Amino acid sequence: MLSMTKTKKISLFLLLLFTIAAIFGTFQFSHQEQTVGKVMEEKTIQSEKQVDEHGNTDKLTTQQVKLLILNHEYKGKEVTITNTYSYSQIKDHHYHKNEYVYIDVSNQEKELSGTLLELKRDHFLIILVSLLLFLLILIYDLSGILTFFSFILNGAILCLLFWWYKQINSHLLLLLFIAGIPLIVTLTLTVANGWNKKTKIAIISTVIGSAITFLIGFLVIELLTHKGLHYEEMELITRPPHILFLSSLLIGCVGAVMDVSMTIISSLYELTQTKPNVTKEEITETGKKIGEDIMGPMINIMFFSYLSGAIPLILIFLRNNMSFNYAFSIVLSLEVARALVGSIGIVLTIPLSIKLTTFFLRRGALNER
């Protein structure tokens, strides 16, 4: 049973109030820049089947959507817009009654016309974020709130780095990330766990492990002159694609290394708290067993998380009669490289974390003050 402390009850109550206020705010359309409309009626006009040169079929449906304009100059007026959507709805949408949409309205010859832009989803996003916060507070109490706060803080730092990158030389993104990673790691672990000896050793382990892992990946890629890596998916980017890839590689290394490092260090720290007379050999052996247990799942998580995002593009290539080898080499070369380097980081971080933890423990550096 989950205990409901007074602090937890107050936090959940404040979260409920915030969620209600935020959702209420999304329906105050007068404060929104874009024109918002509500679907009052919709009916299908026609449907037709389309077949391309490769035999792929899709169904295009045209619907007539009647909307009530809810803000700005034409508030209270109705406009009828024709919308065409595909069966897959990848780049379009089938609008239903009572949905809220963003529209572009114009007045031509005293008759309103418009274009459907996209579905209004901000209230759904608020509900999802609130649900995440609710579970974090309910299960983890204050530590859950701190975890969410560290996530927001890291997002803000990354946005700041990207903003700075836009203002300066396009070749400096990697250097910005190298300079910003220690700050991100320090803030993440400190906010989540407090500033203590366990956090300090985790920061050291994460920074060293990430640096070694990235250096290995960087040297291999540079020595092989980027052979086997296809940057076609970045062809629309006006900045050097290899710099962007190396920057993403560094971020991936940090994520993998930090997770493994904190898991092992926290476990070994708890061992020393419950068994003060534990020997160096016992700490090392326990660390190895923990590493063996988490190494396999973590490496699989790395591969699945990177490769899953490429599945839709792979299917598009295969459905358009492109060979299996070509599709995988073009789409997955960068993802596989990220996953492999991240996996190397996981393997290296396990003994590194054990060695560093043992080193500090032998000098009493992990004992709480």
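Note that Cβ sites are derived from N, Cα and C of the backbone, with glycine treated the same way.
If you look up TrEMBL, you'll see 123-140, 145-165, 171-189, 201-223, 243-265, 298-319, 339-361 marked as transmembrane segment.
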Close approaches to the transmembrane segment (145-165) from elsewhere in its chain (Cβ under 8 angstroms; 6 or more beyond its ends): 11, 132-133, 136-137, 172-173, 176-177, 180, 183-184, 187-188, 191-192
Stretch of maximal Cβ-Cβ contact with the transmembrane segment (243-265) [cut-off: under 8 Å; candidates 123-140, 201-223, 298-319]: 201-223
For the transmembrane segment (123-140), sequence-distant contacts whose Cβ falls under 8 Å of one of its Cβ atoms, 6 or more beyond its ends: 2, 8, 11-12, 15, 18-19, 22-23, 26-27, 147-148
Contacting positions for the transmembrane segment (201-223) when only residues 6+ beyond its ends and CB under 8 Å are counted: 181-182, 185-186, 189-190, 193, 229, 246, 249-250, 253-254, 256-258, 261-262, 265-266, 337, 340-342, 344-345, 348-349, 352-353, 356-357, 360, 365-366
